[in-house]
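J.: My questions will all concern the structure given below.
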């Protein structure tokens, strides 16, 4: 039991779980301050604020962090071509350190000793929230109800939560709950649990909320020119209608709209959680998918081959660290600086077509291009001397010849 005047900042979503947690924390003697981040999710923020106050929150912070989310978290991931296990674009993993930053700032402003969240004890988010909070404020204490026996034994299922909510006047959903859980932000939406826990089950068509069905999407593509500077998108132009956006947030929102219209960004995967288990997740990442393809193309066009090989390794490690919750770790800071340095000449424009669930690169140009049209031309010899290739091939063949010479000897001895 906490002292009556202990204050806790709760990462509040407005949903059933965190509403019940808010009331439960008050039962334990805490003074509760609720924080709800507007990170691009579909939410009635005024209603959520009124609900938290009605349930006994001393104060409710609602902060729009969308621009910060794009510039400080999504853009570094775009520069890195970040993908976890080759497919997941890290939408939830990137949002957590952004939210953690504000949880800590509010706790410090309010003099709160505690931070609380509603993440489950089996998932990655508990790790991401807490590592972020501890890194930014080592003295903070975290309350994680879904890891506390006195909480999860009292509420083993949704039925018990509903009964608790009704008893304490917590508004409960009047519409049937979707048979899966969802988490949404500006970058993506995820679906997991429920009927999706069986990896064999096909996701129903009505599951998807952020993108149109690719098979019924428009029959005319949208063509975009995306301009990059130092690996970051700075301008997008729709070549069909001339619409242009330059600010980070407006650019990203516009790409979300275009990708959503054409059903771009869906993926259904089984991934390895940091806590050790495999889980099935379905994700929609519309704008992120367009930017991944466009950035990958301009990077290959402007970056030295050997530097890019090193950078690919850095990107793999960066993606792993972000997924596992180490955004504020020294190793992740180091990687962000290295990746940013690799992007100094990654500038230019990529022309893409967005159509029927796909992103097609149509062309690219850059003032820093390492592509030499004359050098590579089949019609012009240029500065390249074809005869030089003979020595190059002979030197590279030497190792192969020696290896197979030895293999022949070993094989002969084994046959004797």
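Backbone N, Cα and C atoms are what each Cβ position is placed from, and that goes for glycine too.
Small disclaimer: the values here were computed from a predicted structure and weren't measured.
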J.: For the L-citrulline site that Swiss-Prot assigns to 88, 124, 128, 181, 190, 271, which of the candidates 114, 254, 283 is also assigned?
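T.: Given 88, 124, 128, 181, 190, 271 bind L-citrulline in Swiss-Prot, the matching entry from 114, 254, 283 is 283.
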J.: Fewest other C-beta atoms within 10 angstroms of its own C-beta: which of the binding-site residues 14, 121 fits that?
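T.: Output over binding-site residues 14, 121: least Cβ neighbours within 10 Å is 121.
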J.: Would you identify the secondary structure of residue 11 (ATP binding site) according to DSSP, in three states?
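T.: Residue 11 (ATP binding site) sits in a strand per DSSP.
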J.: Looking at the recorded positions 88, 120, 283, whose Cα is closest in space to that of residue 14 (ATP binding site)?
T.: 120
J.: Cβ within 8 Å of the L-aspartate site's Cβ centroid: which residues qualify beyond 120, 124, 125?
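T.: What remains near the Cβ centre is 119, 122, 123, 126, 127, 128.
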